Each structure stands twice: as C-alpha cells, then as structure tokens.
Amino acid sequence: MTDTATSTKNAAERIAELRAELDAHNHRYYVLDEPSIPDAEYDRLFNELKTLEGEHPELVTADSPTQRVGGAALSAFGEVRHEVPMLSLGNAFEDSDLLDFDRRVREGLDLPAGDLFGGGATVAYCCEPKLDGLAVSLLYRDGQLVRGATRGDGSTGEDISSNVRTVRNIPLKLQGSGWPALLEVRGEVFMSKAGFEALNVRQLESGGKTFANPRNAAAGSLRQLDPKITASRPLEFCCYGIGQVQGELPDSQVGILQALKGWGLPISHELKLAEGVEACLDYYRNIGERRQALAYEIDGVVFKVNNLAWQRELGFRAREPRWAIAHKFPASEELTELLDVEFQVGRTGAVTPVARLKPVKVAGVTVSNATLHNMDEVARLGLMIGDTVIIRRAGDVIPQVMAVVAERRPADARSVQIPACCPVCGSQVERTQLVKRSKGKETLSEGAVYRCVGRLACGAQLKQAIIHFVSRRALDIEGLGEKSVEQLVDEGLVRSPADLFTLRFEQIVGLEGFAELSSNNLLAAIAASKRPGLARFIYALGIPDVGEETAKTLARALGSLTRIQQALPEVLTWLPDVGAEVAYEIHNFFGDDHNRTVIAQLLERGLQLQEEGELHAEFAAATTLADFIDKLNIPFIAATGARNLADKAGSFDGVIALSQDWLELSVMKGLNDKAKQSLREFFANPDNVARARAIETQLRDFGMHWESEKKAVAGLPLAGQTWVLTGTLEAMSRDMAKDKLEALGAKVAGSVSAKTSCVVAGPGAGSKLAKASELGVRVLDEAEFLGLLQQFA
Ligand code: IVH
C-alpha cells in the first residue's frame, strides 16, 4: 500500500470511530436527555472529525454528524408523494365526545357492551400529548435517512430532506439492528418554549422578524430554502407513528413506538398505555394540569387503539382514522377584533397602550382587554384599530395580542397614535430618552416608553405610587386597599406619600367603607408602619428599576439612607447586579428636588428607619484597583488594559502619575498606543481627575480596601468567575448555594451574559437557562453542581 492509501485507511477507521461515538453521545443528549460527556469533550471529538473530513473530502457521507450544519440553499422545494396518505384526526372537546368515540370503537369491533353494573370489554389506548408543531415524514432505507417531507395536503408534500438533517434529535442513521429495510417514520417537528423565547430574543437583537408562537416559529424555520437557517433554529422532533414499511414491526402501537425508540428515534416522554376510556380521561386531566409546566406547547392529547389488528379492522372514515382521536384542551389562542386602543398611566408615568377587544372566550375565560406594552410593540405588530388580531392567554398569564391578521384589515382601519397630553392630568407626554454610557461617552437614543411629565401632580401616578408605598412588601399598611387610596387622592386628602402620616380621624371617617372602627384601625396601621426597615423603605419609594432585591442590596451594602442618597452612580455599579442604567436611575431619583422634599417630609412626620448603621464588608470585597480603572470608562481601556495598568502602577495615584509620564508610559507593556494616548488625555483633564478622586474617596468612605481584598480572593478556586443560579435546588437553598460559591471566590450574579462562567440550573429553570444555551455558557444541573462542591470540600 502507498503512504496515502495507508493514511486514508487510518483516517477512514478513525472517522468511523468518531462518528459512532458522536452518534451515541447525540442520542444520549437529545433523545434520552442523559448527557454523558461535557460539551467541551463533545466539541473536541466533533472538531477532530471535521478536520479529518476536511483532509479527506472523499470520505464525507451524508450521515456524518458534521452534515447537520445545512448544505446548499434550494430555489424551490421538490414534491413528495405520500405512499400512505398523511391523515388528520377527529377531535373531542368534551368528556362525552371521548366516551362516544370509545363506544364507536367497541361497537366497530363487536366487543361486548357493559350494562348498568359495568362490565363489558375495555379497549387499551396508546396515549400521547398532541404536540403543536408540524407533521413530518422521515424515510429510512436500510437504516439511512434518505428523505424528509412535510404533510402538504396529505397526499403530496414538500421535500425538506436537507432541512430535517439539521434537526439535532433526528438520527441520520438508525441505531442497533432489526429495523425494516424501508421504514417511514412520522412525527411532529416543534420548538420548545425556551427555544422559541431564545430565538425571538435573537431575532429582535439582529433586527429579524419575531414569531407569534412556537408553532409558527417551527413552521417558518423548517420551510426554509436555505438549510443553514434551519440549522440555526432550535427545532426538535418527536415521532408518533409510521407510514410505509417493508419488514417486520411489533403488533401494537406502543410496541412500535418502543421499537422506534430502540433505534434511536425520539418518542414522547409522556407515552402511556391506558386500559379503557376512564383511564384515558385521567390521562387527559393529568396532562392538562401539567400543561403549563411542560417544556413545549401542546393543544391536547391523542388516543390511539393500541392493538394494530383492531386498527386495521376499524379502518378509516373520510380522511380520519376510526381508531384514533385528538382530545383537545380549550384553545389558548382566538381571533377577535381590536375595537380601540386606550392609554393607561402607570406608577412611573409610563403611558401604556391597552387594547380594547371585542370580548372573546380564550381558554375558558372572557378576554376584553390586553396590554400592548409600548408603542414599539404596536409598531412591531403593525396594529391598526379595526384589525382582527390573534389573542393568546396561557395559564394565568395576562392576555397578549400576538399578531394581526393582515388579510382581514377593514378599509376604515385607523392608526394608533400616542396622545400629546396625559389622559389623566393633561400634562405633556414625552418620549423617554435612552442614555447609553460607554467608555466616557453618552449616546442618546429614543426609548420605547412615553411618560407623562406630571409625576405626583398626575392623579394616576400619585395613586399608583401610594398603592405601591403601602403595599405588603413595602410599608405594609393594612386596611389601605386600592379603592381607599383612590378615594383619599380624589378627595384631595393625600397629595404625596408623606400626607398619609398627617391624616386625621375626621378626614377619613365617612369615606366609603370607613366607619369609626375602620378609621381608627387605619390610623393605627399607619402609625405602626412608621419604623420600616431600610430595604423596605427604599423599595417603597418606587425608584424606577429598583425592585425588592436591589433595595435589599442597597440597604445591606450601604447601611444608611444618607449613603444611598449620596452614592455616585459609578460607585453604585460596584454593587452586585447594579448596572449603569439602574445606578443612574437611583442617582437621578435622589437628585430630584421633589423626591428630596417628599423624603424630608416623611422623616419630619415621624418616619424612623430601622436597620441603619454599619457598612457591609461585601461592598469592600467586590473591589480591585483594576476594577476601579475599568469602571472609570476611559476610552480604549478595557478590562485587560485596566488590569495591566493596575499591576504596573500599584495605586490610583500611581496610575495618574504614570498617565502623565510619557516616557515611562511609552515603554509600558500590555497597553497599546491608542490606549496610552487616551489614558494621557483622560487624566490631563482636571474634571476627570476630580471625578475619579471623588469616586475613590467615596469608595474609601464606604469601606473599600482594594489591594488586600484582591489577595484574599485571588487564591480561591473560582476566583474571577461569575456564576448564575436559576430554577429550584433541592439539596440546599439558593442563599446557601450562593454562600458556597462566594466562599470559593466566585461572584454570583442575577442575570446571564456572555461574561457568565457557569449557570447552575435546577428544575423549572426558564429564560436564564435558555439564554445560557443561546450564548453557549456552561450549564450544570444540581447533581453536577454538588459534585463540584464536593471536589473543593
Ligand atoms: S397521529 C392518523 N399523534 O396532529 C394519525 N398526530 O390532527 C395522524 N399531532 O397532522 C396523526 N401530536 O401533526 C398524531 N401524538 C400525535 C400527534 C399528532 C401532534 C398532529 C399531527 C397531525 C395532527 C392531526
């Protein structure tokens, strides 16, 4: 043999080995949900295969795992004739429809009927969820995937072979042995809820079109002429049946599905065999209760006679099998008409469009209003008054307008206009400005939100502000519900939260719902709320973007209202989960004269904050000199440059001195010329020096000791890493998990970004997990996380 022939033979062997190994891992990961190797190891094997195939293009085959990225784009789909037609299912909506179906089945099979005392023969049914995606046929010849097709009109579909190859859990070749020589598998291609959310986030970011629901997203992704687009979409497959077959298969529906599973095809995790129709109803109710918690959308369940001989005996009526039925859940989407768009004013003055709809029943509840979020959303939907719209209500989620049915737009449809004046107080309505701060520069852009500038002079904002101020998690003033607040404001008795503390008995008694006793009770409740904890008080103020968690962080880290009020925005960004935007909101809130007056009045009128006092060590621990330099936002100096600068200069004074010493600076390593130039210019400006000094002084006042802290964390195993916890953990509380991670030197953040080192995801993890997979961030489940802790114990 020549050298090339030997190397080709070795390559062919290694390629076969790698494919087998990757196929096995794929199957464990996508079909069994039991990943067996870390992603990095998978990537290594995959890259090795890709390199070998690149060196030996003659060895590339269609069933190689590398071929899932999508081949060349088509100009049109070819046609596929279905040898066995792809049928649809009859529907049952009420329990009685299902009982009728079961009766027809038993009569069709001539099985003995029961009497008043029960008895009779029961039929066993194969039960599965009815996935909301699109039906697909996959043809395997000698175990190789040779064709994929859509359902089309049931007799003729489209050839989407290149596209189905990109769906990760569709095996390109069957596993094991014993499969029929020709096997047509049928099932649903769908998108999980998390995959759908992540895709829409990505589409928004890239300016692409977003999808109304997972079903549309799945259909739009699968019917792409360019399979590379399909490959980039989070599609999944689940099989529920077969079409044409040449060869032997088990003689029951469940038996066939289990055989398919054994050959590496994904089947439903919810597959069950039910003895008799009552067991089917139990199955329907059980899945119905868990519907919202499932990872994918379903619109019902499907029951099929399990015995195949019986299926043949029952046969078909028109285009529906007599042996199967879909038992539907109440629809979560309906069509209705948009009668008008009105504008509501919220606590922070945001003027929000609300859709007034022709009442329609959605999933059992009559819907006549839906929020439209903001004017960008109205524009995104292309909404006009008079339009027919798709309304969706999932579980207890508020109804949403998903899309406009463009074909049904009436000639007299009107556009939606934001009012120039507040519908409540008549003040001007302004579009918010978004301020983006990056590396010393501020860029303004138009925000999606419009605000009424009236603030507490606007009745709507005042009412909402007070409702928030007295709410259970804020000052917790019992007996002051929304209706009472509305009265107090409408009667002019309360013009700011501070007015609550000067209310007198004779002002309240006689208001609707206030007799002598309830008036006294309310005054007592107000008096009892005068000693709130600092965190509660900060939360109660209703600072935009400051929820309970941020309020707690501020209170814990800074320990006093005065410090929080005085904190510079840059300093606030040192706190965990406080980004520049929130920091500026906090700073602007306390800088506002009106807010200052209200706070001063509250304190004058007897409000005494509790838990005020010491600074928390946590604040200091978060700080390093490099961090400090980075946060000064000097143009062209990013995290690495900042670190090099900190190492070289050793102290803040050192950095200033170095920046002005051109000779010393020009020979410094780890900083490029542009960065050096920028550094020099930055500190040549006395305003910048003064600002930096003010930040440094405040950090020191707040207890920062950067050098020593840096050393303490540096040696720890997870130093420099940022972790995110999501979902529920069973073995320990989140706080405990956080403590453990921090003790190992990691920072624990509340949201996932490209900088996140690792995400720990327990059951119920949602958008954070989706974001992590989107960004390719490493994810550990609880067991793996505990394993890791053990390793460092
Ligand atoms: S059986 C003859 N099983 O529902 C049997 N269909 O209305 C035909 N579907 O086109 C289909 N989940 O797209 C079957 N477990 C399931 C299903 C299912 C979803 C879809 C499928 C079909 C439509 C029938």
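Placement of Cβ uses the backbone N, Cα and C atoms for every residue, glycine included.
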### According to TrEMBL, which candidate in Glu13, Glu17, Glu128 joins Asp39, Ala40, Glu41, Tyr42, Asp43, Ser88, Leu89, Arg151, Glu188, Lys304, Lys328 at the NAD(+) site
Glu128
### Task
Give the distance between the Cα atoms of Lys130 (active site, N6-AMP-lysine intermediate) and Cys425 (Zn(2+) binding site), rounded to the nearest whole Å.
51
### Message
To see if you understand the setup: which same-chain residues, six or more apart in sequence, place their Cβ under 8 Å from that of Arg151 (NAD(+) binding site)?
### Response
His82, Met86, Leu134, Ala135, Val136, Ser137, Gly157
### Asp39 (NAD(+) binding site) - helix vs strand vs coil (DSSP)
helix
### Message
Measuring Cα to Cα, how many Å separate Asp43 (NAD(+) binding site) from Cys422 (Zn(2+) binding site)?
### Response
56
### Task
Do me a favour and check the Cα-Cα span between Leu89 (NAD(+) binding site) and Cys422 (Zn(2+) binding site); whole Å is fine.
52
#### Entry: Other C-beta atoms that fall within 10 angstroms of the C-beta of Asp43 (NAD(+) binding site)
12
### Task
List the helix, strand and coil residue totals of the domain 'BRCT' (713-793) as derived from DSSP.
32 helix, 15 strand, 34 coil
### Task
Looking only at C-alpha atoms, tell me how far Lys304 (NAD(+) binding site) is from Cys422 (Zn(2+) binding site), rounded to the nearest Å.
58
### Message
I need the least crowded one of these binding-site residues (Leu89, Cys422), counting other C-beta atoms within 10 angstroms of each C-beta.
### Response
Leu89
### Query
What whole-number distance in angstrom separates the two most remote CA atoms of the NAD(+)-binding residues Asp39, Ala40, Glu41, Tyr42, Asp43, Ser88, Leu89, Glu128, Arg151, Glu188, Lys304, Lys328?
44
